[in-house]
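Asks: The following block contains the structure, expressed as structure tokens.
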């Protein structure tokens, strides 16, 4: 292995070498084509062309043991010849493209057309213009100045449209910039372990080069293609590339091909990297799918943006912004536009789809499948709670606005026609046609104006701004948000199911008690008190039977604790060896990893890890370790104080459990048993017969490992409980350990009525005689359940699903889950919000999550709750403000137009009002910082309407005040101010003071009402904390300043006539009245106003159709996109699509239905079945025959059958998430590293 440039080798293989001009023994193309082969085909090819994997290492000038030398010139050369492990992201949209997108907005287009017609007509002077018949219709002769007004109005509308477009585009641009920043942050955080110059180092995924020796372990997502060179029991889930859900066992002689984007489900090993970036299998797929991204762009621009329309659902049902779609567009005619929807969302739509993938350094390629990913995002959850409510509300408002504007136009046209041609009996003269048309255009503009004000296009903007602002700030609080909507959902959380290890505890394991040689030591024993033979066995057992990647390194700083690298439980055991003043390194160098004869890696069926070595006398010895209650059952002997094995009977075991294990557990310790067994050299045992091998062990010792509770956790849990959130602990530890820790954390308090169950008991209680899970049974348990111990990932998933699906309480539950192991994927996906651990979490867990806790700390979850509630409140504040403006403006424009034949608020003024109430108000109200007081109230829950009765009271109360004053001004204002009336003015008359006062008063009332809108729970002090929000103050003052300019100098474009000081004072005084009136409204008890209805409530049934529709559209979209791409991956693509469609259908039927014999193990099943060797996970995983196994197949057989009754109201959720249960294979497989995918998609 050692000599990399082996001369014999070269001479022998000269013929193969001659064709390579490069410095390496094989070219990029050869390696690339080699990696496209599978199984035996690949083995044959390697043998024929290269000899074996070692020769490939030599050609690549690398050593399987030492790795690359790691010198800068060498790495650089490799990058040049073989490429970098990076798939270039798609170029961000330019500002102009964003402007173009913003222009796609339907209402804006209508306004532009109307303005252009109006402009055109104002320049067209027909010969009959002086005709008297027309003149009457025009309301008398015009002077020169008035004739100009026609074009001024048209130009002003165009100008304001440009303003709106620029503001929208700027918002999108800054948002996109922010997310790219977030993306690069996520990229940097992803590292992989490689061997360089004999040292094991972690390097960013983008730095991996061809020839690197990468160490792979359970839970990894492979960042590049490579050849397996050595390892134990390695099983890979390749479903992300092949669509096959079975795990593939890898071995040097049968199938050494390891592909990027696939998951390590079990075992560990080393591989030599053979292809990176665009040349890896995933990279090739992305390149094909993206077709360089360019074609996609062109295609998307054609026609009705077919892609966009279809992809909208794909952009994550949960995307707040695309919630109200691009509100105006989507609302006006249901046609989804990119318009004012976030560009980053539309960008994500194109990229995230099977389109030009926005690929981060390979990690996102690791994603395997873009489409799987997209699918996963889309079905991630039922629509984000808030978003579902917003969409519904926005659609309702949009429809109402459309009806109102249509009626306005019809009434105006009828009134004009009847008045002109019937009452005044005017004939229709051809020369008058342009004049009449001008009238109709004016009416049309008024109609569109009503619509513009009615449609709340600020909603998606408010949501986006609020979320983007929160996400940015949450990064400082150690919450890396991957799906934007998760941030808002978190505010509604009613339950948190948390892991113990690493989240509630520090995940720094130390052995504090031990039972060795018949003595129970309450602290680390002195090595001299342990028999030398026993001590040697103990050191060998721990050193050899632990992953060789697990190490204890010297502390980084003077006086700090030693660094623990690798599996924390094993670190604790190695620390124990060091505490016994022994050294594990010499043992490992004597018995290197390559010499290990057989390794039974930890998995959830074995719940232990065992390693077989060959002794000098050719016999075999197996070392074993695992959860004490599991391993002790397999022991028939135990080492005595003299170091001799003596018989260990079941009754001895029971006594040991009582006297040693239970007391340790009650101290909150995890107990691990270390054992061994000797085998004769002949006959050689049948190593595949595990039941015989992993039996008749001899116990060496039992140790108690402490994992202390994080100091800040009890306070954080107290805050959650005060905020009405129930915290449950789900752990693999035994019940006594779990209960002890739960009491320390404050999850349970002695004397309370609560349940602590073990996984087995939990399953017994929730299943009927047939072994099926029943929702009613779960409903009896979950309200009191606080600790679920010895639980398998399936149990965790079952619990989360049970709580989410429960209709047992009035408020449906919103559940957050934390997880770090690969097997937590399903539960993380099922939960409303999944938190993955940034430090201890596996790639798979991170990929399945919505938020990554960068410090693995539970108290960061409390911050997320605070931010989430703040988002919800910000949006409610904005709604309260916006709806008041909407109601008033629409009624004023409608009534005014119908009674006076002209809207008191002109088109350009309305656009200005629209700008302040939408864009500026959303900025002002959506950026309120959160306060601790948010944690003093109960969560809203899933069914709470968006607009509470208090808010409805505020909206109607303020609308009544505003309408009363505006109509008073409209009909008697001219008498009050002794000015000319502005009613019934002729077509191009100059702006009147009368209407200017109405406009100014209207804006002043909105400004002061914006201050009222800061409080939505009926608080009296609306100024509380106003100076903590500089953005709010700036916007209110800025709007006021611009209003002065518009009124005093706006002139004809804004239809404004300058006002005198006393008129200004009246306008401001009426505006200030809003604040006083606000106090009056606050005094009225909401409970008395029974007639008030809430709005924006989401009933469970409404969650369904949208989602199912999404699925269908999504499938069509997939297929279309896939089939249009190059033929090379035709079959693979097809295969993948079929799998996905199958999966969607399969999981649409209830998760726990149909328990037929599985025909294949779905990957999620395996997924759940293999925790890392962390004993907290050494769960008695009930052999997972129950649910997940069968879902795919069982459901396939019954995909026509309706979902089980317990899910009737929830099939949306089910289809969404059960899909995700399986997408743990696809979604998780799909770009782990690219949370940003998901992030953008969900924007």
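The backbone N, Cα and C atoms fix where each Cβ goes, glycine too.
Annotated phosphoserine per Swiss-Prot: 18, 27, 1178, 1201, 1211, in sequence order. Sequence annotations record features per position, and here Swiss-Prot assigns topological domain 'Extracellular' to 116-152, 411-443, 896-905, 970-987, 1051-1060 based on sequence analysis. Look at Swiss-Prot and you will find 296-308 tagged as compositional bias 'Basic and acidic residues'. The annotation region 'Calmodulin-binding subdomain A' is assigned in Swiss-Prot to 1123-1140 on the grounds of similarity to another entry. Taken from Swiss-Prot, the feature phosphothreonine covers 1139, 1188. Positions annotated as region 'Calmodulin-binding subdomain B' by Swiss-Prot, on the basis of similarity to another entry: 1141-1150.
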Asks: So what's near the topological domain 'Extracellular' (896-905) in sequence-distant terms, Cβ-Cβ under 8 Å and 6+ beyond its ends?
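Replies: For the topological domain 'Extracellular' (896-905), the nonlocal Cβ contacts are 408, 411-412, 415-416, 443, 446, 449-450, 889, 913, 966, 970, 982-985, 995, 998-999, 1002.
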Asks: Hey, what's the Cβ neighbour count for residue 27 (phosphoserine) at 10 Å?
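Replies: Other Cβ atoms within 10 Å of residue 27 (phosphoserine): 15.
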Asks: Would you mind giving the whole-number mean pLDDT across the region 'Calmodulin-binding subdomain A' (1123-1140)?
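Replies: Across the residues of the region 'Calmodulin-binding subdomain A' (1123-1140) the model's pLDDT averages 41 on the 0 to 100 scale.
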Asks: Could you give me three numbers for the topological domain 'Extracellular' (411-443), the DSSP helix, strand and coil residue counts?
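Replies: The counts are 27 helix, 0 strand, 6 coil.
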Asks: For residue 27 (phosphoserine), name the DSSP secondary structure in the helix/strand/coil scheme.
Replies: coil
Asks: DSSP-wise, what's the residue breakdown of the topological domain 'Extracellular' (1051-1060) into helix, strand and coil?
Replies: 3 helix, 0 strand, 7 coil
Asks: Same chain, outside the topological domain 'Extracellular' (1051-1060) by at least 6, Cβ under 8 Å from its Cβ: which residues?
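Replies: Same-chain contacts beyond the ends: 148-149, 152-153, 155-156, 159, 906, 908-909, 912, 990-993, 995-997, 999-1000, 1067.
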